[in-house]
Amino acid sequence: MIESVDLNAQERAGRAFPVSWDQFHRDCRALTWRLNEVGPFAAVIAITRGGLVPAAIVARELGVRVIDTVCIASYEHDRQGELQVLKGVSDSTKALGGGTGKGLLIVDDLVDTGATARLVREMLPDAHFATVYAKPKGRPLVDTFITEVSQDTWIFFPWDLALTFQPPMKDGAG
């Protein structure tokens, strides 16, 4: 069982790491540079939902046309809880990796506690596992990552943020 972690907005604000679309794209391309030396890969498997965007970028850059998903729910808003496999990797993709994942690339945005990574590793133990960001608890479970952040950091991904109007600092300047 995974312990429940409640991160309200006030707690997250002190350890916030906002990532812009531009920065995320650069980080995904940097990840691809590293992965290019490891491949080739027969398929990319995105861990949804966070792994969808980096998987698309990595697959494009590496020229991989077969993209699959494994859908695992681990967060409900800002609370991490029990893992639930909503959709497994397709049999045709598993077959490309000989059933163990050899030659397959698993991509996610972040490895946090490692719970999701551990579950996916059990499904495809020989696959190469890559994330854009890694926290210390989960880092040993991934093969390739770009940026490590502290365990108490909350990453705000660009798809979680919205552009809003910011009033001028000086009253009446607008």
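Glycine too: its Cβ is placed from the backbone N, Cα and C atoms.
If you check Swiss-Prot, you get these features:
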BINDING   Arg49, Gly50, Asp108, Asp109, Leu110, Val111, Asp112, Thr113, Gly114, Ala115, Thr116  5-phospho-alpha-D-ribose 1-diphosphate binding site
BINDING   Asp109  Mg(2+) binding site
BINDING   Asp112, Ile155  xanthine binding site
BINDING   Asp112, Ile155  guanine binding site
BINDING   Asp112, Thr113, Gly114, Ala115, Thr116, Trp154, Ile155  GMP binding site
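Distribution of Swiss-Prot features across the structure.
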{"residue": "Arg49", "record": "5-phospho-alpha-D-ribose 1-diphosphate binding site", "CB count, 10 Å": "15"}
{"residue": "Asp109", "record": "Mg(2+) binding site", "CB count, 10 Å": "24"}
{"residue": "Leu110", "record": "5-phospho-alpha-D-ribose 1-diphosphate binding site", "CB count, 10 Å": "23"}
{"residue": "Asp112", "record": "5-phospho-alpha-D-ribose 1-diphosphate binding site", "CB count, 10 Å": "27"}
{"residue": "Thr113", "record": "GMP binding site", "CB count, 10 Å": "18"}
{"residue": "Gly114", "record": "5-phospho-alpha-D-ribose 1-diphosphate binding site", "CB count, 10 Å": "18"}
{"residue": "Ala115", "record": "GMP binding site", "CB count, 10 Å": "20"}
{"residue": "Thr116", "record": "5-phospho-alpha-D-ribose 1-diphosphate binding site", "CB count, 10 Å": "25"}
{"residue": "Trp154", "record": "GMP binding site", "CB count, 10 Å": "17"}
{"residue": "Ile155", "record": "xanthine binding site", "CB count, 10 Å": "21"}
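Looking only at Cα atoms, Ile155 (xanthine binding site) sits nearest to Asp112 among the binding-site residues Asp108, Asp112, Gly114, Ala115. Around Asp108 (5-phospho-alpha-D-ribose 1-diphosphate binding site), a 10 Å sphere centred on its CB holds 30 further CB atoms from the protein chains shown.
The CA atom of Asp112 (5-phospho-alpha-D-ribose 1-diphosphate binding site) is located 10 Å away from the CA atom of Trp154 (GMP binding site). Site extent for 5-phospho-alpha-D-ribose 1-diphosphate: among the recorded binding residues Arg49, Gly50, Asp108, Asp109, Leu110, Val111, Asp112, Thr113, Gly114, Ala115, Thr116, the largest C-alpha separation is 17 Å. Nearest to the residue listed as 'Mg(2+) binding site' in space, judged by Cα atoms and limited to the binding-site residues Arg49, Thr116, Trp154, is Arg49.
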